[in-house]
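Just below is one structure, and these are the notes that go with it.
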């Protein structure tokens, strides 16, 4: 009488065929195994395939390419047992009817066994297997032993693990693994950590719409550092660039995730995309002498005595006429504008109506530079060698500062201190309230064309090609920065960083702490006519007709924003907007670039869950930030706490869209 196959023969017979009749439980398990590990290729022997490691929850089988999953090289394959002797493809075609009955009895017996009995039975069976069969067992069992750690670990530990991920693409794809992963990645602490790592934790104004800015410290505007005043952007009246008009009308982000999304989209648009509008200002080549971008207006002054006022989208509002000669200096403050020019008058305007409120007379030559210390006080510098302090509400001169021996070319204000640079090769430190000179900064050998002041240090740029750093309290020269080969006419100081532009076409980024150059940028083929930077980027314009954007951290060219002009007069920008005044085809034109993401993108949660390779461009390494993040108590309508984000450093990597979109072509 025939007996069921035993030992090795029974095991071999069991693996004979997987088709030809209804599948048993063991067969179904084997089928699932074959589908997962792709071992069901016809007429290919197992001994001829190198076993692959089992897939992880976030990987497609059996492995993943660099760009398709995590943005980093895949892990090495899991070691597997060496293939044993070759044998035929497993099949049940030759299995007898009694074999199924025997296996059914064996399964019933195994189910009834306790743990110890099961272990002994499996040990006996495995001891009878060949190396090829053991390899089969290993490959069959390994996927079954895989477990999602986030299903067993506590939330705190899971969030701690996620905090080490600094690539938003990885987080976006991880949220698609399961509902548990999505819930973890919806926790705002994860996005808070990502904001820190990408230096997105500034912009208090964006998440705290009720922020009350005292009237004494309201922003004058984002002014062009290389305007007629020759001064730097950041003055005592300047606030972070996030007070741009483009952000003023947008609802404030209520969570770190929405804040990260907004900043990420804006940075992507700066690198490749945005929308621009071009406006003709004059039919001839009028020279733009000054440009200011405020939360409500774009104000442009020309040498033809006109001042043009536009809204932030570039639509003309009105033209201010009253000066009889070229306007060479102006400064806005909310709805008030103070201007001066070759007619020696200082005029006060209401930007909302276009009315001239006051005409202030006293200077005996061209008004060359203007600044405001508060909403009531303006200070002008003139070719008549004097500075005048004006009460623009009453329309009277409060004081005259006398001391320079030549034209006052530039000035800057911080609190009660005003510093001025002159063609007499000196800079002076003045007290506004006392009306007297505190220090005279001597050391340059030629005219001073640009000045910057942060309350502690004064930077001066001169025709002698050098930049000098001074202590405002003692008047001593702390450093001489050399490297430019021509006039240094553009200066901006921000924190411990100074950026300079010269007539040699170069832009240099300096560390004030180390008094050395960080980046030397061969920016333009001719003079640098305009320069501005923030925590992320440097924007420069040149007489070669180009506007270029540079990465402040790396010094790399990000893009050329304007490329086909004959000359660029002025450039000013905020977080989500850039305005360039250029000469094109003999006409003075204004280009207004908007980098604000469309509201539908901000509202679309699927943006951070890309299914069409929306986030497939690798993100360059960015330095981690040590700046603290503090939450404020209180809740929003969605139950997520409002957050305070302190000022910090540069932003991160670009986002490339698929096809031609707001972000540009891939």
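Placed from the backbone N, Cα and C atoms, the Cβ positions cover glycine too.
Nobody curates TrEMBL annotations by hand; they come from automatic prediction.
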Of the residue ranges 166-187, 188-209, 210-231, 232-253, the one that TrEMBL records as region 'Disordered':
210-231
Under TrEMBL, the annotation region 'Disordered' belongs to which of these stretches: 585-625, 626-666?
626-666
On the DSSP side of things, how many residues of the repeat 'WD' (360-400) fall into helix, strand and coil, could you say?
0 helix, 25 strand, 16 coil
Across the repeat 'WD' (521-560), average pLDDT on the 0 to 100 scale:
92
Across the repeat 'WD' (401-440), what are the DSSP residue counts per state (helix, strand, coil)?
0 helix, 25 strand, 15 coil
Please list the DSSP helix, strand and coil residue counts for the domain 'F-box' (147-194).
32 helix, 0 strand, 16 coil
What are the DSSP helix, strand and coil residue counts for the repeat 'WD' (320-359)?
0 helix, 25 strand, 15 coil
